[in-house]
Amino acid sequence: MELLRTITYQPAAGTKMCEQALGKACGGDSKKKRPQQPSEDGQPQAQVTPAAPHHHHHHSHSGPEISRIIVDPTTGKRYCRGKVLGKGGFAKCYEMTDLTNNKVYAAKIIPHSRVAKPHQREKIDKEIELHRLLHHKHVVQFYHYFEDKENIYILLEYCSRRSMAHILKARKVLTEPEVRYYLRQIVSGLKYLHEQEILHRDLKLGNFFINEAMELKVGDFGLAARLEPLEHRRRTICGTPNYLSPEVLNKQGHGCESDIWALGCVMYTMLLGRPPFETTNLKETYRCIREARYTMPSSLLAPAKHLIASMLSKNPEDRPSLDDIIRHDFFLQGFTPDRLSSSCCHTVPDFHLSSPAKNFFKKAAAALFGGKKDKARYNDTHNKVSKEDEDIYKLRHDLKKVSITQQPSKHRADEEPQPPPTTVARSGTSAVENKQQIGDAIRMIVRGTLGSCSSSSECLEDSTMGSVADTVARVLRGCLENMPEADCIPKEQLSTSFQWVTKWVDYSNKYGFGYQLSDHTVGVLFNNGAHMSLLPDKKTVHYYAELGQCSVFPATDAPEQFISQVTVLKYFSHYMEENLMDGGDLPSVTDIRRPRLYLLQWLKSDKALMMLFNDGTFQVNFYHDHTKIIICNQSEEYLLTYINEDRISTTFRLTTLLMSGCSLELKNRMEYALNMLLQRCN
């Protein structure tokens, strides 16, 4: 049953049903009703089914107990089955751990006995076929599937904070800022699906999953289908009753507009704690849906009312597009948090919570925006966000990574536009040809260099900085030119620690580029070419006017000429600590004996960020999938670390790659990284 419903005698209104089941519900004997069983808190029990497939009726899952240790017959990989996460019509979803690397998945396990009929197996195959091709930040990631004699196993992204249905069950209603936060992510994922010409057809709270970082992922593709032209659309009725659109009920087919209708139902439910068309029986619910008849409480503000009303327009053509939704006043005129605390899963957030960080940002906002004392208030359903808060939000928002101008080309909704294919210059290529190739490959956006003059377009660096870059480029190029072809990464992996950039902020439109190292040192390379670091003790500042010239002073007693820069350094430190996640799983090690790292040069293209440090550490972060390459020198030996899109790291000796080769995905990134390094002063 779907979650949010007052205790009524409505028969299982949240259950996914096919046309046959819906027909019986509409035309059957309405006297045969069974009361829903409330949970301990007085709310109806939710049947949350992570990635549950389409089903006709509820089935029990009695049968042979699934083994604790499961082996993929094809690869020989061993998995450990954990706790049950949810149940569907054909399947149960379990926590499942890959015993080779301890990666945790959500595994949908479907007994062959449940899909013995051809049309049942066809549904599972169709779901796998659609889902395995999808890759988006706000869509549950499909990883792998296999089968043995007893079951089919589908390995999906594990979302530790369960679903929006669980959150709403605990919270009853959400605040407007939270609804904006979640809806933005739903719209992002749904826009990607529609661009792939895929209809979800079962958007509801139980199919929005939340990961550890409070990021939302659209899941459950059991009812998903390819978008067909209007005249070729199938007329079957499928979905969850409370979220069905008028055109689907009227057997006119399911289009993108039908997903928009369901999104309107979702927004209404988040804000008010119940679906808009809920009634005491299914027949009346369908009558209300066909007439688009529902109540709009006065507690909602005008922008929220207007957006809901537009999405729940009876005529599909009158509903807004996903782009229209994001441009609506509900989003433009209201406060949206950059991130949510995990406490929001069970507690109303206090966006006015007083804290040292909040007070710090208050002062920062006052300094940057003139210290206005405007007391005008912005009212929403649950919060009053003052002008002061809007200024703080503006500061936080302004500190976000500068967005890259989108190019008019087709690409994934969460990706930056792709540059042309990279070309690594081989031996024998002339310097002129080399520069031309790299110029074609890398589309530069912005850069910063230690000791440079911000008013000059030339790259001003001394010979030492040039030699650091040349050494890294020579080593990386030598590896790429001589390593053999391979289709996987080497098995030999190292366990070592080194410093790398875990967080970064590009605020070069005002101040400069900020970053945090894995030992919690925070650095800023200012636009005027000076570099300043706040050490992990948060008490000591290192200042470099140029390479090798270091001044050291206390953060609380900075020389007068450095006070403004120390203030900005602290802004960056607070912002990254409060708002940004670490970019990988490498250990954080603080070793005071190690030489201090400071940034020599950073460079952004339309695809990646490059950072070069004084000791030759070289890091490239790729925007679209959050993968990273780090090259460093330890004990006169070069190491390369690759952090994949799941933030899992592997470290190799470059000599190992030179002998064994590597996967194409890693090689392509190494080539692009080399091109960025060679391009850095062009």
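Backbone N, Cα and C define each Cβ position, glycine as well.
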Position flagged as phosphothreonine [Swiss-Prot], chosen from T236, T423: T236
Given Swiss-Prot lists L85, G86, K87, G88, G89, F90, A91, K92, C93 for ATP, the same-site residue among K103, K108, K117: K108
Overall pLDDT for the domain 'POLO box 2' (598-682), taken as the rounded mean: 88
DSSP state at C93 (ATP binding site), helix/strand/coil: strand
Tally of residues which DSSP labels helix, strand or coil - the domain 'POLO box 1' (500-578): 19 helix, 35 strand, 25 coil
Number of other Cβ atoms within 10 Å of the Cβ of G89 (ATP binding site) across all protein chains: 21
Helix, strand and coil residues within the domain 'POLO box 2' (598-682) as assigned by DSSP: 23 helix, 37 strand, 25 coil
C-alpha spacing of D202 (active site, proton acceptor) relative to K87 (ATP binding site), in angstrom: 16
